């Protein structure tokens, strides 16, 4: 195993060399991160405290929101603090930890989106058997499998990086230790390991996307036999999920499933999937779901007026 680690820290170039731009970005990203925490925590709290949100769909939604909180917290706090720092550094071990947890929680989110698509399929296409198929034990197993799958995927990614020697360049043209920018600093040929990394992420993405696609093709075919009201409600629920899927997969495809090059657009795309997507997900699910909005209103009333029945 090549394990030459002469590099003890890495230096980020960050989002912009301009101090003025960095100060503005600090305020923007601080507010966005606070909104991510608040929005996703509100969904978790609403599902946990609302009797009307006891179905598997909301159980999965609360877990997705929890994962979003963890996912954002792997990158955003360091990004925000670095925006006010003159020298943006990170230790070698911390630089390995960042992509591990980013891919860990990112893969869990991908699996959770796939599980939610299956849940929608059962609810719409097999409504009479829904409670039997999606019983609590099954839901817990599916969530557990998502966490195990995320761990295996992330561990494979980081073990591949550990094979590389880092003995010279330590400047990363990024604002966090993403996998592809890091391996470009290795002191050996990274083609094969880079190929394995892309194959690992690509296989996971393709399998998840195919399952999602098949689920919604079957759902759309089944909806042709539904009443207009039933079709409208089902499409509203599925529409929120499809929107989140597109927001999640599109940036990942741009970053990981193309030739490895350094593009200025990479940072902006990374901002989208590390900050913007976790911010939009609770908004999409809450605004397009009447049950969630109703439960949130009840929660707000209980918090503001605890004595009100």
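Glycine too: its Cβ is placed from the backbone N, Cα and C atoms.
Between the listed ranges 26-45, 166-185, TrEMBL ties the annotation transmembrane segment to 26-45.
From the options 5-23, 81-99, 100-118, the stretch TrEMBL describes as transmembrane segment is 100-118.
Long-range contacts of the transmembrane segment (238-257) within the same chain: residues 106, 109-110, 113, 116-117, 120, 124, 178, 180, 198, 201-202, 205, 209, 212, 216, 219, 266, 269-270, 272-273, 276-277, 280-281, 284-285, 288-289, each at least 6 residues beyond the stretch ends and with a Cβ under 8 Å from a Cβ of the stretch. Within the chain, the transmembrane segment (57-80) has long-range Cβ neighbours (under 8 A, six or more residues past its boundaries) at 26, 29-30, 32-33, 36-37, 39-41, 43-44, 47-48, 90, 98, 101-102, 105-106, 108-109, 112-113, 115-116, 119-120, 123, 139, 142-143, 175-176, 237, 274-275, 278, 281-282, 285, 291-292.
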